[in-house]
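Features as listed in TrEMBL:
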type: BINDING; residues: Gln9, Pro10, Ser11, Gly17, Asn18, Gly145, Glu146, Asp147, Leu184, Lys193, Met194, Ser195, Lys196, Ser197; note: ATP binding site
type: MOTIF; residues: 10-18; note: motif ''HIGH' region'
type: BINDING; residues: Asp133; note: L-tryptophan binding site
type: MOTIF; residues: 193-197; note: motif ''KMSKS' region'
Amino acid sequence: MSRVLTALQPSGVLHIGNYFGAIEPLLDLQEHNENHLFIVDYHAITVPQDPAALRKNILYATAVYLAAGIDPNKTILFQQSRVPQHTELGWILNCFTYMGELERMTQFKDKSRGKGESVSIGLFDYPVLMAADILLYDTQVVPVGEDQVQHVELARDIAKRFNNRFGEVFTIPEVRIRQSGARLMGLDDPTKKMSKSAESPRSYISLQDSPEEVEKKIKTAVTDSESTIVYDPEHRPAIANLLTIYSLVSKKTTEEIVMNYEGKGYGPFKTDLAAAINTWLQPIQEKTLMYLKDEDQLRRILDMGAQKAKEKAEKTMQRVRQTIGIIL
Ligand code: ATP
Ligand code: LTN
């Protein structure tokens, strides 16, 4: 049994890359571990947010996690801003983090590019709040996609620096990356990861796409000049990505799928793939809508999560306040 923790931003669109990379791995983990999943609204406001849209997106994210099978009795499911210890520890950790470390973060470099002087301090400081998120719960395992590894490593460095100075205050967390599905690629460009900030929505299958949209996106997904269906990520990345998606939604192995399409072309393969995605997506969409109909219930679930999280977070904070010498 380990203490596992991850978080996602409430950013409106969730695509199948987010689902298989970040949400689904938690379903198994919640059976045998102390699991924490939260919605990082304070990370989301590091870029401008419309208040009405933010509120809607927090509720939508909660509904999707529940629809996916996150059980609030097994996983502590909450909203980051409801546990003020996150920002409190974030401030303290700021005093143990170097400018140079944050300047090296690739996400900051990407997101601040071209903005000149008008980049917010929040965007720069984002990884320190994330370190606080992780260290508050004595987290041992942090499952994330590849893009977040550098941030988890920073959390480790800050924790070690703090412990070297004061003794064993923080648990040093480990990062865990999913083996298959950690990086679904864009449907329009298999060399780039599937991403909601891609130029075209044709790049991803959103969890809100209609069956017709899914059919259209799969029909126009790039393949390659050969017409056989084989799994060869190195030489045939486009078809390998479609096979990975087929395998994830149908729970069949890529070998089984490849066998079924021996001697057949892309046409029937794509028709069946779109149908398999829609069969998988339909119950998730129905359940999401069902949860969204009862916003009070969503708020109650988040309240319950915040309550449990706050108790744990406060224990750590008492230890930290005592350690740094502000308890009189
Ligand atoms: P953006 O386009 O703004 O970078 P995103 O679509 O990449 O967004 P994030 O909100 O940054 O998604 O990531 C949420 C979680 O989903 C993270 O844990 C991330 O690693 C995972 N994730 C994102 N894209 C993929 C992908 N293509 N395949 C697998 N996992 C992914
Ligand atoms: N930065 C992450 C979200 C995030 C997170 C965390 C993930 C915030 N705090 C703590 C794991 C642990 C992202 O953008 N996906």
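Cβ atoms here come from the backbone N, Cα and C positions, even for glycine.
Recorded features from TrEMBL, shown on the structure.
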| residue | record | contacts (Cβ under 8 Å, 6+ apart) |
| --- | --- | --- |
| Gln9 | ATP binding site | Ile39, Val40, His43, Ala44 |
| Ser11 | ATP binding site | Ala44, Asn57, Lys196 |
| Asn18 | ATP binding site | Leu8, Lys196 |
| Asp133 | L-tryptophan binding site | Leu5, Ala7, Phe38, Val40, Gln80, His86 |
| Leu184 | ATP binding site | Ile16, Gly17, Phe20, Gly21, Lys193, Met194, Asn241, Thr244, Ile245 |
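Packing around Lys196 (ATP binding site) is summarised by its Cβ count: 15 other Cβ atoms lie within 10 angstroms of its Cβ, all protein chains included. Under 6 Å, Cβ to nearest atom of ligand 2: this is the test, and of the binding-site residues Asn18, Glu146, Leu184, Met194 it is passed by none. Taking the Cβ of Glu146 (ATP binding site) as centre and 10 Å as the limit, one finds 13 other Cβ atoms among all the protein chains shown. Within the set of binding-site residues Asn18, Asp133, Leu184, Lys196, Asn18, Leu184, Lys196 have a CB atom less than 6 Å from some atom of ligand 1. Residue counts for the motif ''HIGH' region' (10-18) under DSSP (helix as H, G, I; strand as E, B; rest coil) come to 3 helix, 1 strand, 5 coil. DSSP states for the motif ''KMSKS' region' (193-197), grouped as helix (H, G, I), strand (E, B) and coil, give 0 helix, 1 strand, 4 coil. Across the annotated binding residues for ATP (Gln9, Pro10, Ser11, Gly17, Asn18, Gly145, Glu146, Asp147, Leu184, Lys193, Met194, Ser195, Lys196, Ser197), the two most widely spaced Cα atoms sit 20 Å apart.
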